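Engineer: Questions regarding the structure given below will be posed in turn.
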Amino acid sequence: MSMGSFGFALAVMVLAVLVASAAGAPNTNFVSSACNTKKIPSGNPFFNNLGALLVNLEKNTAFSGYDYKASRAGSGGAPTAYGRGVCKQSISQSDCTACLTNLGGRIWGICKNAIGARVQLTDCFIRYEQYSI
């Protein structure tokens, strides 16, 4: 391999490493939480509303300016669930979605069925409540 070919190959490898590291997974390290002390009673239909709301936040925040509010109307006499998803502007849309999906799966364990919660990971944030936010 000539020196010119070697230099070109080296430049391509360095560029590939830089692109791969820039497109890495989101940082889902736990930062903080605030959980309402009131709990959702077992079997309450609010769980279904809240579950649908979290999926909505996970799927739409990245495509709504990285700061998205939504609500899920109550069914079966349950209160409406209100929520907000936020991602750092510096991450990709796919990393935003991945971060919120990760957080959506962890929020139950962090806040133990609380009727309201705010949980921050390094790259994303979810808040949900039983009142408009």
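Backbone N, Cα and C atoms are what each Cβ position is placed from, and that goes for glycine too.
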Engineer: Quick one: Swiss-Prot says CYS124 makes a disulfide with which of CYS96, CYS99?
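Structural biologist: So the cysteine that Swiss-Prot bonds to CYS124 would be CYS99.
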Engineer: Determine which of ASN27, ASN29, ASN36 appears in Swiss-Prot for the same alpha-D-mannopyranose site as ARG118, GLU129.
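Structural biologist: So, going by the record in Swiss-Prot, that would be ASN36.
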Engineer: Near ASN36 (alpha-D-mannopyranose binding site), which disulfide-bonded residues out of CYS87, CYS96, CYS99 have their CA within 10 Å?
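Structural biologist: Hits: none.
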Engineer: Report the largest Cα to Cα distance, in Å and rounded to a whole number, among the residues ASN36, ARG118, GLU129 that the record lists as binding alpha-D-mannopyranose.
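Structural biologist: The two farthest binding residues have Cα atoms 9 Å apart.
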Engineer: Neighbourhood of the alpha-D-mannopyranose site (ASN36, ARG118, GLU129): other residues with Cβ within 8 Å of the Cβ centroid, in order?
Structural biologist: ALA34, CYS35, ALA114, ILE115, GLY116, ALA117, ARG127, TYR128
